[in-house]
Amino acid sequence: MWCVAWGLGVVLPFHLGLLSLAAEAPDPCYDAQRQPRYCLPELMDLAAGHPVVASATCGHSPQRLCAAQGPPGPRLCLLCNQASPATAHPAAYLTDPAGEATCWHSGPVPNATLTLALGGRFEVLYVAIRFCTPRPHSMAIYKSMDYGRSWIPFQFFSRRCRSTYGQPPALAVLKGMEHEATCTDGQTSPNPPTRGLVAFMPLAGRPSASAFEYSPVLQDWVMATDLRMTLDRRHRARELGVRGREASYGVSELQVGGRCQCNGHASHCHVPSRDGAPQCQCQHDTTGPECETCRAFYRDRPWQRATPSDAHECVTCQCHQHSHRCRFSMELYELSGRKSGGVCLHCRHHTTGRHCHYCQPGFWRDPRRPLTSHKACKACQCHPIGAVSNFCNQTTGQCQCKVGVAGLTCNRCAQGFQQSRSALMPCVRIQEVLTTTPAYPLEWNPGTECRSHCTPSHGRIRMNLRNYCKKDYVLHAQITAAEESGEWQKFTALVLAVYLQRSVPIRRGEHPLWVPQQDLACDCLRLQVDKAYLVIGNDAESPDPARLVLDRNSLALPWRDAWAHKLRSFQQQNRRGQCRVP
């Protein structure tokens with residue numbers, strides 16, 4: 001329970017939770033060890049400087065208003081005339097800095113209404129009204145939580161609660177009725193005739209007020225965007241010692257003590273000087289005008305309001321530096337024992353999985369690098385002929401080899417096996433080779449055997465639409481690198497243009513290009529690094545359509561710029577459906 005003295009000249013007790021944190025540390029949302037903790041924004045007068053809309057104001061024409069100064073004192077009368085600033089008493093006086101020196105008067109009306117828009121959602125801790133005339137016989141305070149579209153009773157004041165408002169006189173508030181307005185006959189006496197105070201504290205007398213931070217009912221109860229005070233009935237003019245046409249409601253000050261709704265995640269709040277919602281300066285990796293959600297990459301746990309026992313800070317997703325986006329899954333959170341529910345999105349660096357902790361198919365985990373490294377996943381590099389596919393064991397990098405093939409990348413024949421001419425069975429048992437197929441050495445002589453192996457075509461060829469349409473792919477590519485890989489030569493080809501696309505699309509950029517060593521030794525194909533070529537081939541030549549393989553039946557001709565125009569013409573005719581392959 002805390003006490004705060006305001007300019008109205010009264011000490012108002014109300015529960016403020018852990019407001020004292022603001023004086024204990026430079027950043028109240030963290031302790032000395034930088035551990036997050038519950039924090040609250042500063043208290044403020046929510047009415048100061050805000051316009052009040054009054055249903056009635058004196059002085060549309062000059063009026064004489066009087067108020068008794070208490071028996072047996074004389075009456076005090078004044079002239080109200082809006083035409084003159086010196087005699088005007090507008091509603092702006094309710095929240096101006098002058099305090100009790102100025103006063104709003106309603107004029108001789110039976111009732112009046114004062115409406116205050118707070119400009120956003122706030123926790124209202126008390127409302128205080130200082131009168132410059134006797135306090136009303138009956139008045140009520142209402143709140144709105146939807147910017148004035150609907151109104152909820154906040155508190156009733158009346159000497160006749162039941163007949164005026166249909167409410168019984170003030171009783172003890174039960175725990176199940178903490179969100180309902182009560183009626184009291186206190187603060188309704190006409191004495192003192194001036195400077196009488198009506199104050200209301202929404203948490204006073206509520207059973208759960210001492211545990212406000214844990215009570216969603218009370219948190220909702222004190223929330224408001226607008227306040228309305230209805231002055232419903234004056235004391236009888238005879239009782240006040242004035243004539244009815246001279247009586248008036250008069251209020252010198254209206255104060256509303258409250259703070260921004262920041263859900264325990266901010267100690268400061270910015271309130272725009274003009275129209276605009278308050279903006280909490282959120283901590284604990286929360287965001288939003290009221291710190292009502294977690295930041296984009298801090299969604300490993302569900303957002304919760306902070307409490308004195310747990311700051312409920314938002315926790316970063318565990319993506320091992322391979323992603324900057326994630327989402328929250330309540331299902332996974334429950335399955336984890338309410339520990340982790342983050343799911344990483346758009347994993348990079350060839351990683352995958354909920355935490356970007358696995359390698360994508362075709363890659364394996366490099367044990368020499370930490371999981372957070374951008375190079376933690378290495379390409380499998382499985383041999384296009386010796387491996388079943390380009391997938392490998394994600395722990396060891398071992399490719400799945402065909403029968404008789406060995407090696408991490410399936411690039412050599414196993415012991416007891418020898419290379420064959422078949423792409424489907426690249427290695428066969430040695431005894432089978434001796435009885436069926438002669439074994440060829442690793443180095444071939446371009447003699448009689450090469451002449452039967454292929455017929456080199458390095459010169460001119462006739463390229464017309466018919467020949468173009470017979471092929472599966474036609475490329476303009478530049479060789480940028482070459483290395484030996486067992487019985488194969490692996491080239492790196494930079495594809496510059498695709499004039500005819502294959503069934504498995506080829507995109508521009510670098511691709512591995514595999515050529516049998518025998519075809520190069522027999523001069524079936526001539527490929528040199530840093531040279532550009534016109535590459536023509538068929539998918540049937542490749543044992544794996546996903547890979548680019550050239551052999552003795554393929555063509556790789558030194559590129560001529562004059563070919564580009566003709567090939568583009570063939571490409572356009574193909575798109576128009578003019579390719580007719582017999």
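A Cβ is built for glycine as well, from the same backbone N, Cα and C atoms used for every other residue.
Remember, TrEMBL labels are computer predictions, not curated facts.
What TrEMBL records for Cys347-Cys356 (among others) is disulfide bond. For the recorded site, Cys356 (disulfide bond), the DSSP three-state label reads coil.
Marked as disulfide bond by TrEMBL: Cys380-Cys392 (among others). Within 10 Å of the C-beta atom of Cys380 (disulfide bond) sit 24 other C-beta atoms, taking all shown protein chains into account.
Under the DSSP three-state reduction, Cys399 (disulfide bond) is assigned to strand. Within the same chain, residues at least six positions away from Cys399 (disulfide bond) with a Cβ under 8 Å of its Cβ are Cys380, Gln381, Cys382, His383, Gly386, Ala387, Val388, Asn390, Phe391, Cys392, Asn393, Leu408, Thr409, Cys410. Taken from TrEMBL, the feature disulfide bond applies to Cys382-Cys399 (among others).
The disulfide bond annotation in TrEMBL covers Cys401-Cys410 (among others).
Under DSSP, Cys413 (disulfide bond) is assigned to a strand (E or B) in the three-state scheme. Annotation comment: TrEMBL describes Cys413-Cys427 (among others) as disulfide bond.
Under the heading domain 'Laminin N-terminal', TrEMBL lists 35-259.
Taken from TrEMBL, the feature domain 'Laminin EGF-like' applies to 317-379 (among others).
Averaged across the domain 'Laminin EGF-like' (380-429), the predicted model reaches a pLDDT of 91. Annotation source TrEMBL lists domain 'Laminin EGF-like' at 380-429 (among others).
Sequence annotations record features per position, and here TrEMBL assigns domain 'NTR' to 450-579. Sorting each residue of the domain 'NTR' (450-579) by its DSSP state yields 31 helix, 46 strand, 53 coil.
As annotated by TrEMBL, signal peptide applies to 1-22.
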May I ask which residues of the same chain, at least 6 positions away in sequence, place their Cβ under 8 angstroms from the Cβ of Cys401 (disulfide bond)? Gly386, Ala387, Val388, Gly407, Cys410
Where does Cys427 (disulfide bond) sit by DSSP, helix, strand or coil? strand
C-beta crowding around Cys347 (disulfide bond), within 10 angstroms: 20
Determine, from DSSP, whether Cys392 (disulfide bond) sits in helix, strand or coil. strand
Neighbouring CB atoms within 10 angstroms of the CB of Cys356 (disulfide bond), all protein chains considered, total 27
Cβ proximity for Cys427 (disulfide bond), under 8 A, sequence spacing 6+, ordered by residue number, returns Gly386, Lys402, Val403, Gly404, Val405, Cys413, Ala414, Phe417, Gln418, Gln419, Ser420
Residue counts in helix (H, G, I), strand (E, B) and coil for the domain 'Laminin EGF-like' (317-379), per DSSP? 6 helix, 18 strand, 39 coil
